[in-house]
Ligand code: SF4
Ligand code: SF4
């Protein structure tokens, strides 16, 4: 009896072999993620949305040097620095980041910017939900990127901790805002100082009698 040609045998076996792959996959652990109903925890060093950090008293770590912007391969960062004054201080040293923007339509979350930052002002969080249908909304401003206030912090602008200098901040000698520290008036942002009357009370709250 003549033997069946090899090609005919393979033609019959190939579809069966294909189903074998399907059967094997049916008994494997499912990899489907039920996002967004079930959020998965990211790796601790995941590169997510950026954050502009503060010193323990609330002053900002960013000195407006633009090194992060120069390091960025996607040209996603825009920084404008400005001088601090004693009346309006945002960081312990001479300069601070007046304007800070990251364009997440450009950013590839590579992390080169945080490596370039000399003050550890810029780090990355684990937040990854950055999608938006508007390009304008993808440009995050300094106000959106600035870290919130922890205990012992006062919002900027405010005075440097008395008796310290910028170096002391980086040595870790300032651990909280000095007692009585108050937020200064941000005149450069259009805030108007509250005028006081002769009684020392804010305008419109003159003492009776
Ligand atoms: S993570 Fe990369 S692409 Fe995004 S802003 Fe930083 S340097 Fe630019
Ligand atoms: S985030 Fe860092 S590198 Fe960028 S401007 Fe501020 S201090 Fe400089």
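Here the Cβ of each residue, glycine as well, is placed from N, Cα and C on the backbone.
TrEMBL annotations: computationally assigned, not manually curated.
If one looks beyond the domain '4Fe-4S ferredoxin-type' (52-82) by at least 6 residues along the same chain, the residues whose Cβ comes under 8 Å of a Cβ in the stretch are 89-104, 106-108, 110, 112-123, 142, 145-147, 149-150, 152-156, 158, 160-161, 169, 174-178, 181, 188. As annotated by TrEMBL, domain '4Fe-4S ferredoxin-type' applies to 52-82 (among others).
Taken from TrEMBL, the feature [4Fe-4S] cluster 1 binding site covers 62, 65, 68, 117. The Cβ of residue 117 ([4Fe-4S] cluster 1 binding site) lies under 8 Å from the Cβ of 67, 68, each of these being in the same chain and 6 or more residues away along the sequence.
According to TrEMBL, the [4Fe-4S] cluster 2 binding site annotation covers 72, 107, 110, 113. Following the DSSP three-state reduction, the secondary structure of residue 110 ([4Fe-4S] cluster 2 binding site) is coil. All chains included, 14 other C-beta atoms sit within 10 angstroms of the C-beta of residue 110 ([4Fe-4S] cluster 2 binding site).
As annotated by TrEMBL, domain '4Fe-4S ferredoxin-type' applies to 98-127 (among others).
Residues or ranges marked as region 'Disordered' in TrEMBL: 181-209.
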Counting only residues 6+ away from its ends, which parts of the chain sit with a Cβ under 8 Å from the domain '4Fe-4S ferredoxin-type' (98-127)?
42, 44, 46-53, 60-65, 67-82, 90, 135, 138-142, 145, 170, 188
[4Fe-4S] cluster 1 site shell beyond 62, 65, 68, 117, criterion: Cβ within 8 Å of Cβ centroid:
63, 64, 66, 67, 79, 97, 113, 116, 118, 119, 121, 122
What are the helix, strand and coil residue counts for the domain '4Fe-4S ferredoxin-type' (52-82) according to DSSP?
5 helix, 9 strand, 17 coil
